Amino acid sequence: MIEEGGNKRKTMAEKRQLFIEMRAQNFDVIRLSTYRTACKLRFVQKRCNLHLVDIWNMIEAFRDNGLNTLDHSTEISVSRLETVISSIYYQLNKRLPSTHQISVEQSISLLLNFMVAAYDSEGRGKLTVFSVKAMLATMCGGKMLDKLRYIFSQMSDSNGLMMFGKLDQFLKEALKLPTAVFEGPSFGYTEHAVRTCFPQQKKIMLNMFLDTMMADPPPQCLVWLPLMHRLAHVENVFHPVECSYCHCESMMGFRYRCQQCHNYQLCQNCFWRGHASGAHSNQHQMKEHSSWKSPAKKLSHAISKSLGCVPSREPPHPVFPEQPEKPLDLAHLVPPRPLTNMNDTVVSHMSSGVPTPTKRLQYSQDMPNLLADEHALIASYVARLQHCTRVLDSPSRLDEEHRLIARYAARLAAEAGNMTRPPTDASFNFDANKQQRQLIAELENKNREILQEIQRLRLEHEQASQPTPEKAQQNPMLLAELRLLRQRKDELEQRMSALQESRRELMVQLEGLMKLLKAQATGSPHTSPTHGGGRPMPMPVRSTSAGSTPTHGPQDSLSGVGGDVQEAFAQGTRRNLRNDLLVAADSITNTMSSLVKELHSGAEAEEQAGTEKTREGLPPRGTFLSVFLLHTWTKLAGCQTHSTSRERSQAYGKWGGTA
């Protein structure tokens, strides 16, 4: 008794699992019933993996399970329904890649319990065929146009006219879905639902039905159906816009823009829950956007629209012919009953007046076609046996198989009775049969080899996709080592970029110095020391970051440069200005070369010295070099003017004080 009670509780928990998960999503806080219903049914669709199955796969499953041969009012048991659902999901897993397989047993349990709760509330354990078709066709994935075409085919007669009784039955079954997710008060079935969809039309064809169902807005009782499809389309749409209420940086799904408040936009969660801020009110009209357009695209569209370049909007669906399409002729799958006696053929040939040799030639020419039909029949029968995953105990299926076997046996018996043919025909037919058997054997061998190769490749793929325990144990170590290597690489790259930047600054300063020296050296022969008509050399702009020049470090190694410059200018007019400049230039060049070598030889010492100087408030070595070059070229440029030796000595005193 205790075990039975535990099993009952487990069964009830499985039946209520989908509804418990749906309540956990808190869809009831959505204030609009249409969006609330569409969100709930979309959750059921995705949770049961029905969004992966389109309407064409559903039709194939109906035919495989023989539902297309049953009347709509026929009732099937829950076990038969479970067989149909199982075939749907097993075929789905065959189409999906190995990395995207679904849990078939869980999907079967969830969908079966949901369908029983929605369509068998009385607990009779039976559902009608039309209920199963209506529910699965409505909840499956795919295009809405294809769904509506299939639904119309189930409600129309042979002339393509919709029967209002069938439409009423479809609405009754379809509106059980909102009722199953506790939205019956908003979208429950009423007796006037049919007339609300088609109030005046008397004859409804396919195109009229599609126009009504896909209109904007659709019929009130089915307004949740197109919204559920639009939810599926915009789930992954990204809007780079900030929500005006929750201030999230971007939106996913629908975007709502107020038509009264300037640039007031809400994400779908805030709009559905009725959130508002500032001067905005829930009574304001909102426009729903299912895509994002950049301002450039909006501007181009507005210009094209104003110029009349926008193409006309395409119709929501193509126009289908009024007359329904004729069903496919599948008579070749079950061949006609063969003749029991070949005398009928002989009589027909003799009555037509054809001579006997011509009759024999025609029979010999028809033999390959007959053999091809036989082999095609065998191949189709074997394919059907291999394709059927489950054997259904349906009387129609068994009768069809018995009829097929009987006709094939009759054909074999008829061929066995044709042993009275001439020897030439028998030998020719024997050779043809032998060649056909050899060809069949070769094709079977090739098919067997191909199947073995496919199986081998599938096993290799599965083994490669499943990591071994040793690899799983080594993976953390490899990942840690890879992380350390990447961190070390980043540090080295930062170090290299810093060194390159420092080297680039020094090279720029050296290039400027050499250009100034060359310009001064080339301009000296044409400029007399006593002539004041020459233009002074442009002075470089002084950086505000250059403070007082430090009196230690690299400054000591440059003290000789200042001495050479002072010595070069101390002689006044007694020495040639050109020689003085050359001596000063050589001294500066040698000093700068030694400074560059010193900078490159002690990278770590420079960083430490730079840190100490930064703490003491002193500028780095590059700043000192800039100040030194600035003052040096100030003195060199001042030599071209008619300054007295007294002014130059004052300038030297100022230089020494600055240094």
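Each residue, glycine too, has its Cβ placed from N, Cα and C.
Not measured: the values here are computed from a predicted model.
The feature N-acetylmethionine is assigned by Swiss-Prot to Met1.
As annotated by Swiss-Prot, phosphothreonine applies to Thr11 (among others), with the evidence given as experimental evidence.
The phosphothreonine annotation in Swiss-Prot covers Thr69 (among others). DSSP classifies Thr69 (phosphothreonine) as helix under the three-state reduction.
The phosphothreonine annotation in Swiss-Prot covers Thr179 (among others). Following the DSSP three-state reduction, the secondary structure of Thr179 (phosphothreonine) is helix.
Residue density at Thr212 (phosphothreonine): 16 other Cβ atoms are found within 10 A of its Cβ, drawing on all protein chains shown. According to Swiss-Prot, the feature phosphothreonine maps to Thr212 (among others), an assignment based on experimental evidence.
Regional average pLDDT for the zinc finger (238-294) in the model is 91. Residues annotated as zinc finger in Swiss-Prot, with sequence analysis given as evidence: 238-294.
Annotation comment: Swiss-Prot describes Cys243, Cys246, Cys267, Cys270 as Zn(2+) 1 binding site, evidence class sequence analysis. Annotation note: Cys246 (Zn(2+) 1 binding site) sits in a coil segment as assigned by DSSP.
Swiss-Prot lists Cys258, Cys261, His280, His284 with the feature Zn(2+) 2 binding site. Look at His284 (Zn(2+) 2 binding site): DSSP puts it in coil. Non-local neighbourhood of His284 (Zn(2+) 2 binding site): Cys258, Gln259, Gln260, Cys261, each in the same chain, at least six residues away, with C-beta under 8 Å from its C-beta.
Annotation comment: Swiss-Prot describes 369-418 as region 'Syntrophin-binding region'.
Look at Swiss-Prot and you will find Ser394 tagged as phosphoserine.
Under the heading phosphothreonine, Swiss-Prot lists Thr424 (among others).
As annotated by Swiss-Prot, coiled coil applies to 429-519, with the evidence given as sequence analysis.
The region 'Disordered' annotation in Swiss-Prot covers 520-562 (among others).
Summarising the annotation, Swiss-Prot assigns compositional bias 'Polar residues' to 521-530 (among others).
The compositional bias 'Polar residues' annotation in Swiss-Prot covers 542-558 (among others).
Feature annotation from Swiss-Prot assigns region 'Disordered' to 599-620 (among others).
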Look up Cys270 (Zn(2+) 1 binding site) in the DSSP assignment and reduce it to helix, strand or coil. helix
Test of understanding: give the count of other CB atoms lying within 10 angstroms of the CB of Thr179 (phosphothreonine). 16
For Cys258 (Zn(2+) 2 binding site), name the DSSP secondary structure in the helix/strand/coil scheme. strand
Spatially, which candidate from the recorded positions Thr179, Cys243, Cys246, Cys267, Cys270 is nearest to Thr69 (phosphothreonine), comparing Cα atoms? Thr179
Cβ contacts of Cys270 (Zn(2+) 1 binding site) (under 8 Å, same chain, 6 or more positions away): Cys243, Tyr245, Cys246
Taking 8 Å from the centroid of the Cβ atoms of Cys243, Cys246, Cys267, Cys270 as the cut-off, which other residues in that chain fall inside it around the Zn(2+) 1 site? Ser244, Tyr245, His247, Cys248, Met251, Leu266, Gln268, Asn269, Phe271, His275
Excluding Cys258, Cys261, His280, His284, which residues of the same chain place their Cβ within 8 Å of the centroid of the Cβ atoms of the recorded Zn(2+) 2 site? Gln259, Gln260, Tyr264, Ala276, Ala279, Ser281, Met286
Cβ neighbour count (within 10 Å, all chains shown) around Cys246 (Zn(2+) 1 binding site): 13
Cβ contacts of His280 (Zn(2+) 2 binding site) (under 8 Å, same chain, 6 or more positions away): Ser244, Cys258, Gln260, Cys261, Tyr264
